[in-house]
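First up is the structure itself, then whatever we jot down about it.
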Amino acid sequence: MDVVYFNWLDYLVFGAMLALSAFIGIYFAFFAKRKQNTTSEYLMGGKTMGMFPISMSLIASYISGISLLGLPAEMYTYGTQLWAIVLSEWIVSVTIAIVYLPVFYNLQITSTYEYLRLRFNQNVQLLGSIIFIIKMLLYIPIVIYVPALAFNQVTGINLHLITPIVCLVCIFYTTLGGIKAVVWTDTLQTILMYFGVIFIVIYGTWRLGGVGEVMRINKDGDRLEFFNMDPDPTIRHTFWTTVIGNYFSWLASCSVNQAMVQRCLALPSLKKARITILIMAVGIYVIVSLCCYTGLVVYATFASCDPLTTGAIRKSDQLLPYLVMTITGSIPALPGIFMSGVFSAALSTMSTGLNSMCGVIFEDLIRPAYNKPISEKTASFIMKIIVVIIGAVCVALVLLVEHMGALIQAGKSLAGITAGSLLGLFTMGLFMPWINATGALAGGTTSTLLVGWMSLGTQAAMLRGDIVFIPKPVSVAGCPGNITIPTITSQTSIEFDRSGTFFLYRISYFYYTLIGMLVCVTTGTIVSFFTEPNEPAMVHRDLLTPVIHRFLPLQSPQCIKPRLTQHDIELHAREMEELCAQAVFMKEKRGGVDDLQKQKSTLGQ
């Protein structure tokens, strides 16, 4: 099959997506009624955002180009066991709505990690903020690199050229338009993402003869595997690792993530925030399932002629773009729309990361360093500079990502280094009132170091060949030109080479977050026990999840309500002034209507 590359119409569609994203940033910076020149507007959208754009933004933020390209590649290479991750995502959304969100919403904090200051102290907040920043700086370059690699596959353009151009657009609209520009560009990009994936699924299935034929080919190719119930934690993917392990990974990514909390607090009420979380869960369930099924379509298309074996592509991440250009390259603008969707997923994740990192750096690192209040004009300028700087750093780090192997697993493994410790810190704060600040610091630090050692050690062992991931069998029997490369066969029940490799290096990367959380909580409990644990009655109930209130002793009358920062006091004062001004305006407007009615009544008489 001849591969068709981008034509002028595809480039036009892709360029239009970038131009429209930039225009949204310009609109909210210069033409919207409420300018993005205050902290509340820039980071929280004035807390007047609607459920639809916030829901779309959350979906786009958590479905990156890694998901759109990596999930089909995973299904093709290792089978469908990873598809089971959708089961735990429903439970996570309920957990967030009931356990975590009420606390953050009642406190009305700008930075998630401000909670750690209120619950523990400034040092724990600083630890949490630094861990989050490290996490995003490790993750965003991978998010950018994967779709750039795909774009290189369909156009031949050097990824070092396309990456800075696309990232500059993202930095541009994020810097100018704040969270409103991020949210509305995410909405546009989510629509493009869904359209591209759905079209490929429908068209690819139709070409193969229907869903039944797709499933038959995958069954013959040993791709269908959903209930591998082996409890061995060293097997890469089983039912337990993908459901239990992903529950904690997803919980850490959503419940205590600055991007999630920042968007939920941009909504006017807790009820709307909870509904938004459920909409997000539905959206993610649908797009993840579509991506996984797309992997089955890819395998069914190339079951008899593996493009990796024949050298048509270099990495499995290029399988889906290769499919798109092979089967839909002749359809006008379709490849351009698909690649716009893939890059949209990356842009939305990057813009969300930049905006949330901006909030954390400004609120947790810069503002406390000032001895006097920062004016809104100065704060707006500083936040824009922060976005530009960290955006440039992320673009530079893409050059390092290019030299990494196994990008999908590497990304999740690196995220696990920080996810477990962050989830552990917030779990101790919300559920365990006896944990003190010393215990929280010890737990967070120990967890990060241990899981970091595990993750980096595993990557090193994989590079040495001590750990082997055995893929499913592929074939080149149906390739044109009488290519005779032997079919790869393997025992798929054994995923790791267990010959003498250190046990912690062999544990499935899905368990990293769970291990990190358990180590953090255990260490924090032990250290708190030996350093005067808190008296539960002296920890204010606003800082603890409502789920455990009934199990706690009565709150002491001497318990101090969480203290707001000077910034919070100023922000709330400004919000009250705005509400009073609106009330006066409505009263005057109502008075004018009454006078007009009186005049009409007089004239009528």
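Heads up, the Cβ atoms here are built off N, Cα and C, so glycines get one too.
Range 51-70 is the one annotated as transmembrane segment, of 51-70, 351-370, 571-590 (source: TrEMBL).
Annotation: stretch 322-347 has the most Cβ pairs under 8 Å to the transmembrane segment (191-209), among 51-70, 82-105, 322-347, 509-531. The list of residues near the transmembrane segment (277-302) in space but at least 6 beyond its ends in sequence, with Cβ under 8 angstroms from a Cβ of it, reads 51, 55-56, 58-59, 62-63, 67-68, 71-76, 80, 82-83, 85-86, 89-90, 92-93, 96-97, 101, 190, 193-194, 197-198, 200-201, 204-205, 207-208, 213-215, 217-218, 221, 223, 264, 319-320, 323, 326-327. The transmembrane segment (413-432) and the transmembrane segment (322-347) are not in contact, since fewer than 3 Cβ pairs between them lie under 8 Å (pairs 6 or more apart in sequence). Away from its own ends, the transmembrane segment (322-347) comes close to residues 1, 3-6, 9-14, 17, 21, 60, 63-65, 67-69, 143-144, 146-147, 150-151, 153-154, 166, 169-170, 185, 188-190, 192-197, 199-200, 203-204, 207, 297-298, 301-302, 307, 312-313 of its chain (Cβ-Cβ under 8 Å, at least six residues beyond either end).
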